[in-house]
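Working notes, structure below.
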Amino acid sequence: MSYHIFQSARAQIYSIPFYLTTLGPPLPSLSVPFSRNPRPHSPLRGSARVRSPETSHPARRSSPAAAWRICVIIERNASQSMMKRFVYINDDSSQDSYCDNRISNRKYTLLNFLPKNLWEQFSRFMNQYFLLIACLQLWSLITPVNPASTWGPLIFIFAVSATKEAWDDYNRYLSDKQANEKEVWVVKEGIRKHIQAQDIRIGNIVWLRENDEVPCDLVLIGTSEPQGICYVETAALDGETDLKTRVIPSACIGLAPEQLHKIKGVIECPNPDKDIRRFDGNMRLFPPFIDNDLCPLTINNTLLQSCYLRNTEWACGVAVYTGNETKLGMSRGVPEPKLTAVDAMIDKLTGAIFLFQIVVVIVLGFSGNIWKDTEARKQWYVKYPDEGPWYELLVIPLRFELLCSIMIPISIKVSLDLVKSLYAKFIDWDEEMYDHDTDTPSHAANTAISEDLGQVEYILTDKTGTLTENRMIFRRCCIGGIFYGNENGDALKDAELLNAVAKNVPDVIRFLTIMTICNTVIPVRSNSGAIMYKAQSQDEDALVNAAACLHMVLISKNGNTLEVNFNGSVIQYEILDILEFTSDRKRMSVVVRDCQNEKILLLSKGADEAIFPCAYAGQQIRTSVDAVEQYAQLGLRTLCLGWRELKDDEYEEWSHLFKEASTALFDREWKLAEVCQRLEHDLEILGVTAIEDRLQDGVPETIETLRKSGINFWMLTGDKQNTAIQIALLCNFISSEPKGQLLFINGKTEDEVVRSLERVLLTMRITSSEPKDLAFVVDGWALEVILKQYREAFTELAILSRTAICCRVTPSQKAQLVELLKSCDYRTLAIGDGGNDVRMIQQAHIGVGISGREGLQAARAADYSIGKFRFLKRLILVHGRYSYNRTAFLSQYSFYKSLVICFIQILFSLFSGVSGTSLFNSVSLMAYNVFYTSTPVLTSVLDKDLTEKTVMQHPQILFYCQAGRLLNPSTFAGWFGRSLYHALVVFFISVHAYAGEKCEMEELSMVALSGCIWLQAFVVTLEMNSFTILQHLAIWGNFVAFYVINCIVSTIPSAGMYAIMFRLCKQPSYWITMVLIVAVGMGPVLAIKYFRYTYRSSAINILQQAERSRGIILSMGTLESQLKSVEKDVASLSITQPKNRNPVYEPLLSDSPTATRRSIGSSTFDFFQPSRLSASYSRNCKNN
Amino acid sequence: MMNNSGASAAGSSSGSGEGQAPRRNSKRPKYSRFTQQELPACKPILTPRWVISVFTLVGIIFVPIGLVSLMASRDVVEIVDRYDSACVPPNMTDDKVAYAQNAAIDKTCTRILKVPKDMDQPIYVYYQLDNFYQNHRRYVKSRNDEQLMSAKKANDSSGCDPEATTGNGTIVPCGLIAWSLFNDTYSFIHGNKNITVNKHNISWKSDRDHKFGKDVYPKNFQNGALIGGAKLDPKKSLSEQEDLIVWMRTAALPTFRKLYGRIEVDLKANDTITVTLKNNYNTYSFNGKKKLVLSTTSWLGGKNDFLGIAYLTVGGLCFFLATAFTVVYLVKPRKLGDPSYLSWNRNPQGH
């Protein structure tokens, strides 16, 4: 609230001086004298200062009330003078205090790279741990192995991570550089020069040509259009695709381009903020330009960064915000490093292992000390001194700490980094995600978060340009009750319509006339003679073009006259008034005089609900209503057209009122609307047009598939509510009435909003058991109220609802919604294509940018950029799923293999007087961790449990990833148990087979090590699902490499294991032992796996069997047809039932009741907020 | 059940890649089977037939190997004689440590062994120590390999604490291991003939050649206040001190045997052998046992039933599992890959 007060106060500050100037002598900008140092050499400046003292007195005298208000304002002003900036137009020497226009998304600089990067790396627990271990190893008394065995990998790991970060940052630097070095025209010392965008300083005058991107936030001062307007496309900023009109401030009207070069003045504006809908500034020009006028500036006088100048030959403006301080830059926010759910889980498991390790260390340390005091003192050959140093009690525990430090595998970070970058490469390389139309391949900018793709629960999507193609096409129409275009889907090719046009059917002609005239389209004749239309709205553009195809061509619009060419004859109209479109009125009209018969016509078009009530009494509008409904169901955007002939005196009377209203100072919009209302009645409804805002290819299928896989969709758009709902209907986002229901949260006041929110919530709770597809719709204003004060209720709503449509939301609201879902502990994916989506993309766990027509803003900020929305399906179901599966296996396996070797060490220490002797030597340990066991498992990046086709056919399988079924404490417990078992097997078999005369230390250690290697090879083989040549190479090649390397090392006399390998290889007992270890180690694992696979199969297993037990070519056909019938029911159910997660997922759950992430979370580790688990409505308590 | 699905996958996808004229500067990713993750792959699944035959096969292989190993182990003849307590004079059984530490007492002890079966030469003579932690961390590290190897490093005694130096200088060979060298000796009389114990080549050749220097001679050894174990002949180089070399190969377990020598005559069943031994080594302070072992050897090594029994057990269990799985498979057959098992294809009304 305080923010609002502040805002309105500021608004007053600017408005009052403006009004005062109209009454008497002008009031100077209030704070100019306070905050700027006088600059004696500027004559313009001097005159401004001279004027200020003489003018301020009369103003204060004007009235006591005004004086008081001004005092208040001054006071506030003084306290807020920090919040303002003064921009001196065209004055290079004064603007040094502000930043230049260099955009920087970089994280590091050359100097701070090393400390900052190290600091960041060491903020992860694992790294701190490894550093501690490495430091401890420097103490030779306690170290069981060579310190190099930890320092080497540690330094390597850090180097790899740092290099990667540096590379990423370098790429960011390059893309910044590209934007920064773009050439722009800027006036310097009165001459227009070509400079780089980064050299724009505040106060510079920037010239833009048509289709130029605005390089920084500008205050418009001149355009090519005589009326002083220009058109901008703000899509990259707020997602709205229609062209917006920007006007030059009144003070600058009528300045010639030459004058604009020399213009001087000052602009007072607030300090940079991120509000893209508000700009409250003042402008004063210095003589010889218009004196004395303090001209207020609003957002309508600005050109904001990343907008495009359209339909205007040139425009120029004064830079007021630059670089990262622009409205867009401020709303960009600082990207946080993202951590995937898998990473978080790995960290937690690491923490658990760490605790376990501490326990082991304490127990062993204790018993070691006891053993030392009781037994070892008797062992004269150990020669324990009677009196040790004070730290002696610590030595054995610390030794065990070091011995057990391998429990947490140092290789896991390297392996994960490696495979993650490969996942990212696979995305980059994927041909099926390559967009032919725009020649863009997919790209993974963030290489670290692919697993999260497989765990997405919520997708928040932008609408324009993301779901739609952003191209409007006229498709159908209904004129006077006759439908055109229904047969072939294109009215322009409908012979009946063409006939009607040829026959001059009056209704059709009038219909076409409205299509052609009732708009704000500007026809432009290009050099070649062709006519191009410049439209603010894509719909109007589509209508005019369609009319032109039907031989009603808008030729020119000069001032108020308008010429139309119909079948070769030119008809002239005079535009009398334009009753503009507003989102409240939802219609627009024009009043024209037909120059042939001097009749005055009112032509209207608008939304059905805005036009039908204006129909004259008794008209049959039934067919039009039907048409609207029919078209809406097809997902077409409909507009109703109507007309009426006006009597001269009626118009004269109304025209007077209209002029009055359009000059009103207060409530102008409302007054205008009221006046328009007086004219727009008794219309004859001519018919309905239907325009297609084409969805991108495959959007409905993609959304349907992804929803089947259990992902919820929210649509966040800056666009209007109706359009949003239409598109939502069209792309399976929501279902129309009988199946689905939309619940609206709206209201004019806060109370109304709250009541409506409660009502919706109540409906949700009641109907949550019914098979109905509920979705709620909320607009930006209501959202602002709700997020500020009723967050809890809204959170509940968010949890209950699978679908939501939020329209007219600002970029920061989008980000807030993402944050809200994140705070409910859902994995969120935000997808968008414009600059207005950047914050949401950065806020979400995963940001996906569509590198589309709205520029590359979003794609640059996103973690993944794709060419088309439909690629999202593949990104999630194929890449996300595989990545998750692979990482789940890889990470658990990494722990498993470290635990095996560590358990063997622990077991050995029980046989070595609990003194902390390492069975294995440093080289073997290091090679085991870093090489022997890391390489084969890396090929799991090629592992595919199911083919891509199967996954696409059964998207439900994604649930395993979403719920984290493959990596959670219970699966981890399985691996833990396996490692313990394997350690026991390896150790006891080695010890027994190599007992007595053969139990030489080096030999036994090598036997145990090779036992581990043998087991690893088979474990990886058993856990891998598909074997390419690379897997075979890695697994068996590694196996061979183990022997080759060890044989080579065995030839080095100084090595501890000199000659060991050769001796072992010659012994039959060695090979027999190995085979025994494998059989005993793998037998039970295989048996259990087989039993589960066959008799307790998971859905993945079933699909694997289905996929492979039949021949592939044969199966896909038959299987498909078999499944299709079943799936049809399921598909319909899954759309209609908000609770369909229950029937779908409960059986999965019952397979292993503890296997979901969440249920485990509450019992073993306190991972998740208890409030959420206790909430009875929580949809994710899937076993309710 | 292995299907090579790669061929079909690759075949279907290559169609999409073709047909387009090679565009210049296209950003289209280059097609390769690796980048598209379409490498031909075989995807084995655990079908009952496959699993059952694996278990059967393992059983078929393991049982014979187990039998052979067990037989090999049974063929080995082994005489084990524990002498540590028996060799203590009856009057000193209460204080064995004092007995061991008293150098004045003659430690000679005579044991009579009976040969249970024919033993063919070579017969290996081992001493076995129980409860002796050669793998103790303090012990196992207390050596300096470089010093052992080369005469140049004679003064290098790093890591040898607490047996690194005496007042006279560096000990060679330094460290606890060498210091505690086993010093019991055995001599054998068969009938009335002395049996020579061949103490050559009882250590690893690699050790003699590359781990213990030919020019390194003992120095200051066992000169300290506390005498640990055997003394070394300062005239012989370390590479010839085979008892030391054997001892320095530390054992990984607290119960271990070390080779003492070889008897190169055949012994017949029911022969008696008289062993005259010097019971010098002190195992009494830590309740260690000392055993003398005479053993023949087989292709699998010494007498060790473990491998044979383990193989037979595993083989048996594999047969059992194979049978069990077969029975389950026949009694309760389950169709593989039936989509009706998919939870989302089941009738939702049931829930």
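Each residue's number is its place along the chain shown, starting with 1.
Keep in mind that glycine also has a Cβ here, set from the backbone N, Cα and C atoms.
As annotated by TrEMBL, active site, 4-aspartylphosphate intermediate applies to A:Asp462. Secondary structure from DSSP puts A:Asp462 (active site, 4-aspartylphosphate intermediate) in coil.
According to TrEMBL, the ATP binding site annotation covers A:Asp462, A:Lys463, A:Thr464, A:Glu540, A:Phe581, A:Lys605, A:Arg637, A:Thr717, A:Gly718, A:Asp719, A:Arg808, A:Lys814, A:Asn836, A:Asp837.
The Mg(2+) binding site annotation in TrEMBL covers A:Asp462, A:Thr464, A:Asp833, A:Asp837.
Under the heading domain 'P-type ATPase N-terminal', TrEMBL lists A:87-151. In the predicted model, the domain 'P-type ATPase N-terminal' (A:87-151) has a mean pLDDT of 79.
Residues annotated as domain 'P-type ATPase A' in TrEMBL: A:181-243.
As annotated by TrEMBL, region 'Disordered' applies to A:38-61.
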Counting Cβ neighbours within 10 Å across all chains shown, tell me which of the recorded positions A:Asp462, A:Asp833 comes out on top.
A:Asp833
For A:Gly718 (ATP binding site), just give me the three-state DSSP call.
coil
Most crowded position, judged by CB atoms within 10 A, among A:Thr464, A:Asn836 as binding-site residues
A:Asn836
Does DSSP put A:Asp833 (Mg(2+) binding site) in a helix, in a strand, or in coil?
coil
For A:Arg637 (ATP binding site), the three-state class that DSSP assigns:
strand
Taking just the CA atoms, what is the gap between A:Arg637 (ATP binding site) and A:Asp462 (active site, 4-aspartylphosphate intermediate) in Å?
18
Of A:Phe581, A:Arg808, A:Asn836, A:Asp837, the binding-site residues lying within 10 angstroms (C-alpha) of A:Asp462 (active site, 4-aspartylphosphate intermediate) are A:Asn836, A:Asp837
Inter-residue C-alpha distance, A:Thr464 (ATP binding site) and A:Asp833 (Mg(2+) binding site) (nearest angstrom):
8
Integer Å distance between the CA atoms belonging to A:Asp837 (Mg(2+) binding site) and A:Arg808 (ATP binding site):
13
The domain 'P-type ATPase N-terminal' (A:87-151), counted residue by residue under DSSP: helix, strand, coil
29 helix, 3 strand, 33 coil
Summary of DSSP states over the domain 'P-type ATPase A' (A:181-243), given as helix, strand and coil counts
7 helix, 31 strand, 25 coil
Secondary structure of A:Arg808 (ATP binding site) (DSSP, helix/strand/coil)
coil
What Cα-Cα separation, expressed in whole Å, is found between A:Phe581 (ATP binding site) and A:Asp833 (Mg(2+) binding site)?
27
